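Over in TrEMBL, the protein carries these features:
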- C89: active site (ACT_SITE)
- H257: active site (ACT_SITE)
- N296: active site (ACT_SITE)
- 34-355: domain 'Calpain catalytic' (DOMAIN)
Amino acid sequence: MDESKGGGRIGSSKYFGGQNYAKLRKDCEKKKALFVDTIFPPTNYSLFLEEGRHTDIEWKRPAEIAEDPHLFVEGASPNDVTQGILGNCWFVSACSALTHNQKLLEKVIPSPEQQEWSTKHRYAGIFRFCFWRFGRWIEVVIDDLLPTRDGKLLFARSKTRNEFWSALLEKAFAKLYGCYENLVGGRLSDALQDVSGGVAETINTRKFVEKEESASTSLFDHVKTSFDNGALIVAAIAAKTKEEIEKSLDCGLVKGHAYAVTAVRFIEVQKESIGAKIGAFFTGHNDREMLIRLQNPWGEKEWNGPWSDGSKEWELVSEAHKRELGITVDEDGEFWMPWNSFVEQFTDISLCQLFNTSHFSSQKRFHEDIHFGEWTTNGSKSG
């Protein structure tokens with residue numbers, strides 16, 4: 001992070017840059033003016049590490065981009081977060097994973113109904129988001145001016161043209177990191193922790209390829225249990241060279257790219273042979289497949305192997321089970337794939353376990369201790 005671009009201005013306050021959302025909004029409403037952020041202004045300063053670049057980027061407010069703008073349209077889903085021209089799939093995938101935890105989403109985007117465009121209150125062009133930094137939640141305030149070209153959003157956006165939560169959340173994250181360019185290339189675990197306050201672990205999946213099948217099954221059980229308990233999970237295929245970054249593979253996946261995990265399931269599969277079907281009828285048992293569902297933040301380019309959209313394997317799944325799984329055949333970037341193929345194709349999977357700090361919860365699984373310290377200018381350090 002480049003601290004000269006604002007990345008280090010957290011200090012002792014829970015308000016990033018000392019900006020208090022409630023006070024700023026009240027002031028804007030009193031003046032009947034839309035908020036313009038002086039700390040993260042709508043200029044090249046907020047876009048690039050070096051300000052002297054020529055650009056045709058225009059900063060526009062949502063009402064100038066789409067009719068009837070909203071923070072959310074029919075709630076949040078992975079399809080609300082589509083990556084733009086910025087190489088920040090590590091963050092976009094984390095946001096996509098975040099949509100599966102409504103309670104946590106409301107922590108990152110507090111009081112969304114009060115921030116929403118509404119006839120019940122004057123719109124002030126100001127939003128607030130919260131990120132976990134250095135052991136606490138930090139509130140980041142932004143204006144609603146977004147980078148566009150030819151009237152279209154350049155960076156993260158929703159497939160629903162008048163929905164803006166993902167674009168605004170990305171802007172707040174860029175402000176936290178100093179500028180948009182600082183979001184190019186990052187660690188999956190950092191993004192997961194920043195939007196959750198949890199603890200992330202990254203597992204090299206390739207080392208399970210040559211091990212016994214039981215090892216891969218144990219990893220699947222660990223990932224499934226973590227997902228069922230609310231963990232945010234993102235997977236990636238590492239690129240060995242710069243030339244390999246975002247290179248499409250024959251199987252439909254992309255190297256040097258991150259994907260959000262949106263489901264981890266055992267799927268009941270009907271027997272293919274007549275004898276097996278008769279046996280299953282009397283025993284009540286079918287085969288089970290270990291499947292994982294992922295979301296490409298590009299909103300396209302999907303796995304095209306076994307269990308992909310429209311593949312023959314789905315013919316072995318009952319219609320009722322497919323409805324329960326929400327199976328669709330769309331080029332929306334979301335797809336299922338078998339666990340064994342996932343382990344072979346993906347190199348890393350990052351799981352961010354969440355803390356349940358309630359003393360009264362029967363679901364408490366982790367104990368949390370937070371210690372604060374600081375680096376001082378004389379070279380001594382603590383914590």
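Using N, Cα and C of the backbone, Cβ positions are placed for all residues, glycine too.
Heads up, TrEMBL stuff is auto-annotated, nobody curated it.
Computed from a predicted structure; not experimentally measured.
Packing around H257 (active site) is summarised by its Cβ count: 25 other Cβ atoms lie within 10 angstroms of its Cβ, all protein chains included. Taking the C-alpha positions, the distance from N296 (active site) to C89 (active site) comes to 9 Å. Residue density at N296 (active site): 27 other Cβ atoms are found within 10 A of its Cβ, drawing on all protein chains shown. In this structure the C-alpha atoms belonging to H257 (active site) and C89 (active site) are separated by 7 Å. Across the residues of the domain 'Calpain catalytic' (34-355), the predicted structure has a mean pLDDT of 92.
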